[in-house]
Amino acid sequence: MISDWCVVLVLLMSRLVFGLNFTEPVNYILKLGEDSSSRLLDCSVNLPVELIKKIDWTHNDIVINNKPNITLSENGQKLVIAHYQSHNSGRYGCKVTAMNEESVQRVFDLLPASETEGNQTIEMMLRIKNDISLLVELVMNKLDLDCTAVGASPINITWIKNDRLIEARSNLSNFRYSFSPNFLKLSIKELRLDDAGIYKCILENKYGKIEHIMTVEIYEKMFSKPIVSSTDKHKVFYVNYGQNLTVPIYVTAFLPHPHFQMLYVYSMTSPNTNETKLALRVLPTMRELTVLEKGQRRGNSISHIKLDYFFNNISEQDFGNYTFMAGNKYGFDIYPFQILHTKYMQTTVFPPMKSSINKIYKEESVEKTVIFIVITSMLAGLIFVAFVIFFICRVRSKDKFKNSNINYIKPLETVILNLGDNNTSGVTMVTSVSASYASRRFRHSLNNNLINDKQKLNLKIAPDPAWEIKLEQLETDCLLGEGAFGRVFRATARDLPNHTGVQTVAVKMLKEDCCEQDLKDFISEIEVMKSIGKHINILNLLAVSSQQGKLYIVVEYCRHGNLRSFLKDNRPVMQANSVITKKITLYDLTSFCLQVARGMNFLASKKCIHRDIAARNVLVGEGYLMKIADFGLARDIHEQDYYRKCTDGRLPVKWMAIEALFDRVYTTQSDIWSFGILAWEIVTFGGSPYPGIALEKLFDLLKQGYRMERPLNCTDDMYTLMLNCWKEIPSKRPTFSQLIEDLERMLLDASSTEYIDLQPIQPERTESFSTSLHTSASMLNTDLHEKNKCDHDEISFTHEDGLSEADILLSHYAVS
């Protein structure tokens with residue numbers, strides 16, 4: 001009995017703290033015809049039944065007594081309407097009264113199915129479609145406040161700012177505010193700082209009235225280094241062995257977007273000279289990044305970011321000095337901290353008292369002296385390293401942070417880099433490479449340190465018996481292609497792992513003058529391809545050779561080359577001298593899309609973001625089997641749902657989603673956007689996206705909602721699929737699983753339809769190739785696998801295909 005009263009008392013106290021309220025969402029609208037059997041109306045509250053005095057139900061303001069198809073359950077908190085008909089429509093209300101006479105009430109509107117607009121049933125009561133409550137924008141930009149609602153027309157709208165009425169074409173701010181009574185959006189152009197405030201829209205129709213409040217924050221355009229803050233600078237974290245630790249760090253970021261890095265300082269003894277030096281390691285630490293509500297933004301603006309770094313199952317090697325670093329090209333800020341064992345807690349934070357712990361102090365004085373010397377030395381080394389990094393950043397005028405920007409699982413291999421003259425820095429870099437490591441995809445080769453005679457590079461990699469082969473098992477045939485740092489050969493392989501006998505393969509290797517970053521990319525690509533696994537629609541890893549002085553990657557060979565060239569060679573151009581090797585049908589084109597969608601669905605299930613889905617990165621194998629290439633450098637997102645690109649380089653602009661273009665945020669949903677562009681390429685037989693549109697105009701057009709028109713010979717279903725992939729809000733785009741279902745249905749419809757009766761594709765104008773804009777470490781994409789030949793064809797884009805990130809930002813400012 002006493003325990004029961006304790007429970008009631010606790011529940012009563014919780015109600016007193018949080019207030020009497022319903023446990024389900026508030027008022028909502030129901031339509032007859034949605035369910036053929038019954039409807040449940042829920043008025044459950046956060047209060048024990050013993051403390052509820054009564055519950056009153058009404059129908060159209062009349063108390064519900066005994067009705068044949070209406071029953072109450074759970075002490076009257078739920079109402080069930082069974083086999084309801086049109087006379088059951090109307091407004092239902094419930095009022096819950098507690099023992100202390102406090103009460104709450106809510107309403108439910110059941111609308112008859114006969115209230116329609118055309119042939120489509122509509123909601124009569126008003127409901128806001130977009131519930132965004134915070135908008136952040138930069139001065140001089142344009143801002144649209146969206147109050148679009150669902151409900152019966154006509155809908156009247158009233159706008160209020162800071163309790164002051166805004167009239168249509170108002171002179172509140174020199175006619176910068178504009179809206180139409182029939183257009184439920186308020187537009188503000190040429191934003192000023194005084195445009196910030198609380199905006200309220202009030203919507204009303206004959207069925208009721210609702211309001212929606214939005215907070216608008218306006219910031220000046222800032223170019224500054226990021227600011228790192230935490231609860232306590234130079235904080236010390238005390239933990240025991242086996243415990244987990246989370247280190248929270250807060251960053252205020254301005255333009256350009258910052259890069260994040262966690263560094264660990266430790267001592268390392270040279271096996272040759274027995275000399276001990278301080279070393280700096282970039283940590284593969286798992287983390288979670290959150291953009292705080294205060295800093296959410298629509299364009300380029302100030303951002304308030306929280307990063308939680310996770311140290312799991314603390315061991316001896318985790319204790320020591322750490323420094324978090326956030327920076328951009330304008331500078332950097334750091335947050336140093338220590339992780340120590342709890343046995344040092346009293347002696348470090350609270351100096352020992354002479355009377356009570358003098359004995360303990362004497363016993364540990366020697367140990368503490370050693371620790372003090374080590375810690376002091378580490379801090380001195382850390383300061384020196386920070387100075388060196390700062391000096392390099394100043395000289396190069398570019399951020400050189402090698403941002404992990406993803407989560408890591410466990411180091412598999414260690415690359416020890418000995419870059420020659422260590423006296424200049426006094427630091428040996430040790431970089432861990434793991435199965436989920438994915439390094440830079442885009443880079444400028446001129447900014448990388450080349451490995452030459454003065455910079456010897458020692459590489460130690462443990463062989464993996466499941467993949468390792470000897471060079472004697474490979475016999476190269478001819479050069480398929482090469483880029484700035486790598487080559488790909490066609491070869492004959494014997495007795496590869498899990499495959500006996502002889503087969504034709506592609507072998508990738510680095511050039512002699514490759515740089516440090518290329519080597520890291522190469523190793524990480526191997527590990528990613530190992531960890532992802534095999535699928536029929538991706539380019540699969542077959543073997544690796546790493547123990548005979550050089551690194552080689554052996555992958556499947558696709559003799560038809562990349563999909564873009566394959567489609568161009570087989571497009572139905574009506575010319576006398578045209579030679580078409582294969583007649584492409586509508587069934588084939590749909591099958592190509594379906595195969596790529598299946599491959600991408602597999603990569604998405606492995607939490608991998610490709611970031612460059614395009615026809616040039618899809619290879620065509622035997623039987624016209626589609627294989628997605630260049631996913632070895634895709635980003636792994638096992639612990640978070642997005643990846644923010646933080647390095648400079650050339651970008652495939654025309655294939656990038658809006659959020660990737662303007663915020664450099666990549667998700668599986670941004671891959672969906674790129675897949676829509678790929679589908680457009682396939683339907684147009686390798687056409688160039690956004691034909692005739694200059695890149696400097698493309699950004700503005702995309703922000704205004706422009707999408708490519710339906711191309712020639714494209715079905716309605718396929719074009720609808722493309723438009724769904726190009727929706728501005730990422731969450732509104734379909735998943736790859738949904739795309740597979742749609743494409744399988746289209747494939748059935750196209751099983752007997754060919755392109756015989758379709759109009760021919762006009763030849764494109766000759767494209768002038770520029771310097772390689774996309775020379776990534778993976779050379780297995782684009783034109784390296786040539787059809788029936790081994791001619792050299794260096795990777796390159798047309799001028800329209802790629803832009804640097806600086807170009808994107810400048811274009812964004814020009815149209816903002």
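Including glycine, each Cβ sits where the backbone N, Cα and C put it.
Model, not experiment: these values are computed from the prediction.
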Feature N-linked glycosylation site, as given in Swiss-Prot - residue among Asn171, Asn498: Asn171
Record feature N-linked glycosylation site (Swiss-Prot), assigned residue among Asn313, Asn713: Asn313
Candidate set Asn274, Asn422, annotation N-linked glycosylation site, source Swiss-Prot, matching residue: Asn274
Swiss-Prot annotation, disulfide partner of Cys94 among Cys43, Cys147: Cys43
Record feature N-linked glycosylation site (Swiss-Prot), assigned residue among Asn321, Asn423: Asn321
Whichever of Cys6, Cys201 is disulfide-bonded to Cys147 when Swiss-Prot is consulted: Cys201
Most crowded position, judged by CB atoms within 10 A, among Asn69, Asn156, Asn244, Asn313, Asn321 as glycosylation sites: Asn321
Asn313 (N-linked glycosylation site) and Glu482 (ATP binding site), Cα-Cα, nearest whole angstrom: 45
Binding-site residues: Leu480, Val488 - member with fewest neighbouring CB atoms within 10 Å: Val488
Protein Cβ atoms within 10 Å of Glu482 (ATP binding site), excluding its own: 18
Other CB atoms, at most 10 A from the CB of Asn274 (N-linked glycosylation site): 7
In three-state DSSP terms, the structure that Asn156 (N-linked glycosylation site) belongs to: strand
Neighbour tally for Asp612 (active site, proton acceptor), based on other Cβ positions within 10 Å of its Cβ: 25
Cβ atoms near Asn21 (N-linked glycosylation site) (within 10 Å, other residues, all chains): 13
